[in-house]
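Participant: Dropping the structure in here first, questions after.
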Amino acid sequence: MPGSASLELVCPAGGLPALKAAVDNGADCVYAGFRDDTNARNFTGLNFDDAQLREGVRYAHDRGAKVLIALNTYPQADNWARWTAAVDKAADFGVDAVILADPGLMDYARRAHPELRLHLSVQGSATSYEAINFYRERFDIQRAVLPRVLSMAQVEQVVKNTPVEIEVFGFGGLCVMVEGRCALSAYATGTSPNCNGACSPGKAVRWEQTPQGVETRLAGILIDRFQEGERAGYPTICKGRFDVDDETYYAIEEPASLNTLKLLPELINVGVRAIKIEGRQRSPAYVAQVTKIWRDAIDACARDLVHFEPKAAWMADLNKVSEGQSYTLGAYNRPWK
Amino acid sequence: MKISLGPLQYYWPKRQTLDFYETVAAMPVDIVYVGETVCSRRHELRLEDWLDVANRLIQAGKEVRVSTLTLVESESDLKALRREVNNGRFGVEANEMGAVRLLAEAKLPFVAGPTLNVFNPETLRLLAEAGATRWVMPPEAGRETLAGIRAHLPAGMETEALAFGRLPLAYSARCFTARRFNLQKDTCEFKCIDYPEGMMAKTREGQPFLVINGIQTQSAKTYNLLPDLPGLAAAGVDILRISPQPEGTAEVVAAFRGRGTLSGDFCNGFWHGQPGLEWIQA
């Protein structure tokens, strides 16, 4: 019988201070990456060197929290050894699981470190139980993170048909494209989430005040233009305004965050085992605040699942840190689609 | 090198689709991929219709493969997938790992499609063990990726690369064509049937940038590796994939057969390890 006691809260740690903030505020797990392109948040100033990771694992383990290491980009022949070395390093540091997307790397991890828990990254683009069971049979993965594309009924169908634990995104930036299947950034900038671990890298971004307003450009391409009073978003292509059939609008998606707080009882009821909070690029203060709210909410659910209602104060505080100060239920809510 | 015609990315009326594949039967292509890969709501042709098309193409001497859906979401998607895998006659191109599992279980050889994200020899080896006999490079992979894999290519594995067509850049849960008309995906009124080449999305400066095609986002520029043919051959590409367009596909095939030239707004950056939209002179 699924229950909230088995629901893990998985929080982002872009660095050691964020890791501590997550652990101190009630995260069951934190996820982190090494300081290079072996993970999908390969941004300047983020991630862990060896000393920080050693300290982070000690800090988390001393307080009963787990550390997961994301190695969720796709290695190539000429850099393969760096990815396998990262798996070795994660195992040596005593992390609780590695989050992988590449089947070749999973096979390596399973053979080199049979005791190491493997999680299938959202970058693996597995949206059906058939796909998840493939990874289970071949590499003995213990958990899969679902891309943010399924409705609640579809999530339930996946959970019912696989022994693999299912983790879903609960809060944070919303990737509207199926992760692992998006080459928009690569098309414009040559830097890709799949191979380089970065979407819309900072070096390709430009903000410019012009007579028409503030323009945001990516590799010279105009992604959006903002009038006074409008909040300028980071120029990811999927959240730009474009002209289609003579209408200019957010052709793909408005800048908004995912917030599934009010779906928490349903997620627990269908047997989801872990909720992921997005945001390794966000500040320790953000991580502390969001973690605390979700901890409180999960605990409230555990006390009384039937009568759970998100507190207005939680929603207000989460909205304050959301992209565009607005939120969506994403694909869980069928009309969104 | 062989030439293949990739799966139809757009939603055309049934008559237009059947007429198109009638012309394909007469084109000098070696391999044709049939079936719906973008949206499970597209039903102008059912699997039976696609198999009829496939039979006609076989009679015309083509090798035919059935290509599977890229984004499998529902139980009905899985049912359709199982029917494709067990079609009993034609080999299958697997476009996600669920298809790979079903094909491996049925011990059927298959083509590892472009969305399986094969970037290294270890992953290709595992897919070969599962039954893959051909792999299609991910669109963003170029000659360097290929060189790294070619050095450790599993025995008998064929290599296929997109050589001409708009780049399929992304897939989503959302339908962007429906969104254009303020419709939901589930009640989309099949608007994409009115856009046989998708809908152009321009920047606010009027620069053609992306093409909206249902849940898929394509490049506005057409990927064209015609000038790179010597490099493709040297790198060991066995099959060049051409993506169907409503107009001019025969001319594109002819050009790749060495007859004629092509004009348009082209890009080839990915092959050269550059941003995809760039055009690098061969």
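Yeah, the Cβs are placed from backbone N, Cα and C, and that goes for glycine too.
Because TrEMBL annotations are produced automatically, they should be read as predictions rather than curated entries.
Pasting the relevant annotations from TrEMBL:
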BINDING   B:CYS39, B:CYS175, B:CYS188, B:CYS192  [4Fe-4S] cluster binding site
Participant: Would you kindly determine which binding-site residues in the set B:CYS39, B:CYS175, B:CYS192 have their Cβ under 8 angstroms from any Cβ of chain A, listing them in sequence order or replying 'none'?
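Facilitator: Qualifying residues, whose Cβ lies under 8 Å from chain A: B:CYS175.
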Participant: With an 8 Å cut-off on Cβ distance to the B:CYS39, B:CYS175, B:CYS188, B:CYS192 Cβ center, who else from the chain surrounds the [4Fe-4S] cluster site?
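Facilitator: The surrounding set, listed in chain order, is B:TYR11, B:ARG41, B:ARG42, B:THR177, B:ALA178, B:LYS185, B:PHE190, B:LYS191, B:GLY214, B:ILE215.
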Participant: DSSP on B:CYS175 ([4Fe-4S] cluster binding site), three-state: which is it?
Facilitator: coil
Participant: What does DSSP call B:CYS39 ([4Fe-4S] cluster binding site) in the simple three-state scheme?
Facilitator: coil
Participant: Comparing the binding-site residues B:CYS188, B:CYS192, which residue's C-beta has the most other C-beta atoms within 10 angstroms in this structure?
Facilitator: B:CYS192
Participant: Identify, in sequence order, the residues in the chain of B:CYS175 ([4Fe-4S] cluster binding site) that are 6 or more apart from it along the sequence and have a CB within less than 8 Å of its CB; answer 'none' if there are none.
Facilitator: B:CYS39, B:LEU183, B:LYS185, B:CYS188, B:CYS192, B:GLY214, B:ILE215
Participant: So for B:CYS39 ([4Fe-4S] cluster binding site), how many other CB atoms are inside 10 Å of its CB?
Facilitator: 23
Participant: For B:CYS192 ([4Fe-4S] cluster binding site), just give me the three-state DSSP call.
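Facilitator: B:CYS192 ([4Fe-4S] cluster binding site) sits in a helix per DSSP.
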